[in-house]
Amino acid sequence: MAKTRSLRWSLPALLLAGQAHATEIQFNMTPGVTDISQQVYNLHMTIFWICCAIGLVVFTAMFVSIILHRKSRGVTPATFHESTKVEIIWTAIPVLILILMAIPATRVLIAMEDTSDSDVTVLVTGSQWRWHYEYLDYDIDFFSILATPRGQIEGRLPKGQNYLLEVDRPLVIPTGKKIRFLMTSDDVIHSWWVPAFAIKKDTNPGFINEAWTRVNEPGIYRGQCAELCGMDHGFMPIVVIAKEPDDFAEWVEQEEARIAAIREEEQRLLALRMNLDEQMELGERVYLAHCAACHQPNGTGLPPMFPALKDNHVTTQDRAEHIRVMVDGRPGTSMASFARQLSLRELTSVITYTRNAWGNDTGDVVQAVEVYEYMQSKGE
Amino acid sequence: MSTVTTADHHDAHHDHKPTGIKRWLFTTNHKDIGSLYLLFALAMFFLGGAMAMVIRLELFQPGMQFVEPQFFNQMTTMHGLIMVFGAVMPAFTGLANWMIPMMIGAPDMALPRMNNWSFWILPFAFLILIISMFLPGGGPDFGWTFYAPLSTTYSNDSTALFVFAIHIMGISSIMGAINVIVTIVNMRAPGMTWMKLPLFVWTWLITAFLLIMVMPVLAGLVTMVLTDKYFATSFFDAAGGGDPVLFQHIFWFFGHPEVYIMILPAFGIISAIVPTFARKKLFGYASMVYATASIAILSFLVWAHHMFTTGMPVYATLFFMYTTMLIAVPTGVKVFNWVATMWRGAMTFEVPMMFALAFIVLFTIGGLSGVMLAIAPVDFQYHDTYFVVAHFHYVLVSGAVFSLVAAAYYWLPKWTGHMYDEKLGQLHFWCSVISVNLLFFPMHFVGLAGMPRRIPDYALQFADFNAFISVGGFLFGLSQLIFVWVLVKCIRGGEKAPAKPWEGAEGLEWEVPSPAPYHTFDTPPQVK
């Protein structure tokens, strides 16, 4: 009894504490959780105070002049102008201040650029509007997409504490190790930004950028895409969980097992026949998470950029084309390939869903084996 | 702002200008064309401002309330394009048209027919741009910086109209710039030597050279976007051997001088107003000219400071960091010069002076945040956040726009022949200066706290600041209606203005009557 009560009291207290933290107004840059981010913060504050000092001198002179040297006080204007001595002084002093600023700035910049001797390498790939993480040292890769429900965005549900800064699968990295990030993109330019690490690096399609971090404290760190990348630029957050090396090793094991299990299930699935209800239920979930941003929850799309799926030739008639588009994407448009983004089960269900939702009513029940065969036929 | 009603009786004896719409369509008179530019800029300022109001309305609260993300992106894109190419640049060209011939003692601009043409293609450019918003799929939504491949492979078909509109704006700017240069070089009155030119003329001369150098770069860039999108070239597509970062290099090679195109003439205006109301000569005329020239030259060597996060080699980053920091030196020289001019003057605080003083303070704040942004390792945290939005609005709104407003108040008596309403003007000033800071100052904080720019919705910890910023935005928008009221009142009537309404003013423009006759300096004045 006593135990339940303490639990009942502590839970809301915990939630409240969390919320108070979220709404606490932050005025300044975060010092972050890495040595580099701390150096960046210190540099920021140094430059900031120097700028304040310069501002103070200039504005004091100006306001003293405004107060004392006004016509209403009956002053007569002086006639002095041009003074080489004064001009040299106010050119030389700023140059000296700038040199003082440039020295620590150069030091920090060079430290940030050294990506050698890393322990773990993660390939970060941006695409409209999700992140893909691939661990080059392990057999792990996955997509990371916004987890905030549309209801919260549209105001039908109360907004959660991490509104717009939450994802379905966060990136997990070990603390104390040097993590090297390789950055690229599948479509437009995105920018991978985690303020707590002081990393912001553009992901350029066709090119690879590098960055690195060494996180000192375990925790959850959140960031966002920082380069305008189209319609849902504001809806592609980044969440990184830093774990102690032992916990990280455990996570790697679990994740590898999970991915192996999915592959096994895919093989089993090929022999199975899924019924319509089952597929509609899963398909709707997948659709809302992955497709609705462009094609809209009711399938009407935003033509001409994002075509309607309702009453569409492909989704109501051409079944083979439908599977092809889902697996290959449409090159040169925002329609990405979903072959790697979704499991076979999800892929199959979402095709079935779009062939039967919003009055498309084809009655088609696509089976996993059909999709699988197409993928095999092109050597996926 | 125009001489329509009062100019006729001054010079009807030798002027046979058409009346009505024909006068404005076919005019080759620098004053008429100046007025057209200024009125056009004012209209665009309100159109771009209305789009900013949509942005601030959507950002008032977290969540999507009023517009779709795609429309939001169109609003930020069009707001930027309209304010840069439709409001600020034409307004400065309007001032150049009105003031440069009168300041150097010339009867008109050197190439009056081209002058007419360079204005009249402008409304069509913006018509095309605005029409593009009503195409299926909407207008440009890739930001005013239109980075490839978002503007090529992934854009909608309004891009073709966008490209065409930018071409026309570019042609207009280049013709305007040629006219300014030819006028200043060839048509100065006898005795008006280079180092006697008013600073507004000097800054505009240097600006015109910048325009001629960078507008063709922009034209080349939009053409590359067009061919990448429609004619299968691969300038910015790695799959065909191109590079998306190349786009940014070309864009900012145009874009950074463009920033100074919008601020150098402002320096000229402030350098005219401060000495007038301090009743004291500008402290260092020569050093102001040299500082302007050095800023213009440096502006070609700093472009990649907009691109620190694109993954440039570290030595390139260092180079652009150092050159950017250097710009603080000539800019500092300007600010120190204005303060030294005020020092031991005998100041009065009419509306033009108030806006000029606000300019100096707020532009300096924007300049100092610019120094912070120059520091590459820290810029990784500032880049593409609201800190940047705060920075460039401080230099563009409380900088360039405030200087334009100050110029309007300063020369309105010369243009209309009437004094503006001082009380209303002061009201306009105080409303503007308070609301502009409510609007843009908190953006520094919200940017440092981690809010990216160009997002239609945001995390909850940014909510309080954004509500505050939006209120500031609405107030700033409303305050500008007072300006329109002042203008209308001043054009329609008011206290008669003498030839030289400001006690401390110097320059040829004050030697002609107010309002300035339709034709001035038919015989060149002798400058001693």
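Positions of Cβ are set from backbone N, Cα and C atoms, glycine also.
Summarising the annotation, TrEMBL assigns domain 'Cytochrome oxidase subunit I profile' to B:24-528. Across the domain 'Cytochrome oxidase subunit I profile' (B:24-528), mean pLDDT in this model comes to 96.
Taken from TrEMBL, the feature transmembrane segment applies to B:36-57 (among others).
For the transmembrane segment (B:77-98), the residues of the chain that approach it from at least six positions outside its boundaries are 30-31, 33-38, 40-42, 44-45, 47-48, 51-52, 55, 109, 115, 118, 122, 125-126, 129-130, 133, 139-146, 166, 169, 173, 176, 180, 200, 204, 207, 258, 261-262, 265-266, 269, 396, 400-401, 404, 407, 411, 415, judged by C-beta separation under 8 angstroms. Per TrEMBL, transmembrane segment is recorded for B:77-98 (among others).
The feature transmembrane segment is assigned by TrEMBL to B:119-139 (among others).
The transmembrane segment annotation in TrEMBL covers B:159-187 (among others).
What TrEMBL lists as transmembrane segment is B:199-226 (among others). Residues of the same chain lying 6 or more positions beyond the ends of the transmembrane segment (B:199-226) and with a Cβ under 8 Å from any Cβ of it are 92, 95-96, 99-100, 103-104, 146, 148, 151-152, 159-160, 162-163, 166-167, 170, 173-174, 176-178, 180-181, 184, 233, 235-236, 247, 250-251, 253-254, 257-258, 260-261, 264-265, 267-269, 271-272, 282, 285, 288-289, 292-293, 296, 299-300.
Residues or ranges marked as transmembrane segment by TrEMBL: B:259-278 (among others). Same-chain residues lying 6 or more positions outside the transmembrane segment (B:259-278) and placing a CB less than 8 Å from one of its CB atoms are 84, 88-89, 92, 95-96, 198-204, 206-207, 210-211, 214, 288, 292, 295-296, 299, 334, 337-338, 341-342, 345-350, 352-353, 356, 359-360, 363, 392, 395-396, 399-400, 403-404, 406-407, 410, 502, 504-507.
Look at TrEMBL and you will find B:285-308 (among others) tagged as transmembrane segment. Here the transmembrane segment (B:285-308) has long-range neighbours at 195, 199, 202-203, 206-207, 209-210, 213, 245, 248-249, 252-253, 255-257, 259-260, 264, 267, 271, 316-317, 320-321, 323-324, 326-327, 329-331, 333-334, 337, 373-374, 376, 379-380, 383, meaning same-chain residues at least 6 beyond its ends whose C-beta is under 8 angstroms from one of its own.
The feature transmembrane segment is assigned by TrEMBL to B:314-333 (among others).
According to TrEMBL, the transmembrane segment annotation covers B:354-376 (among others).
What TrEMBL lists as transmembrane segment is B:388-412 (among others). Non-local neighbours of the transmembrane segment (B:388-412) in the same chain are 1, 38, 41, 45, 83, 87-88, 91-92, 95, 98-99, 259, 262-263, 265-266, 269-270, 272-273, 276, 350-353, 355-356, 358-359, 362-363, 365-367, 369-370, 373, 382, 418-420, 425, 432-433, 436-437, 439-441, 443-444, 447, 453, 483, 487, 490, 502, 509; each lies 6+ residues outside the stretch with a CB under 8 Å from one of its CB atoms.
Tertiary proximity for the transmembrane segment (B:424-445) is limited to same-chain residues at least six positions away from its ends with a CB under 8 Å from its CB atoms, namely 350-351, 354-355, 358, 362, 369, 386-387, 389-390, 393-394, 397-398, 402, 405, 409, 465, 468-469, 471-473, 475-476, 478-480, 482-483, 485-486, 489. Residues annotated as transmembrane segment in TrEMBL: B:424-445 (among others).
Residues 1, 42, 45-46, 49-50, 52-53, 56-57, 59-62, 405, 408, 412, 420-421, 424-425, 427-428, 431-432, 434-440, 442-443, 445-446, 449, 451, 458 of the same chain sit 6 or more residues outside the transmembrane segment (B:465-488) yet have a Cβ under 8 Å from a Cβ within it. Residues or ranges marked as transmembrane segment in TrEMBL: B:465-488 (among others).
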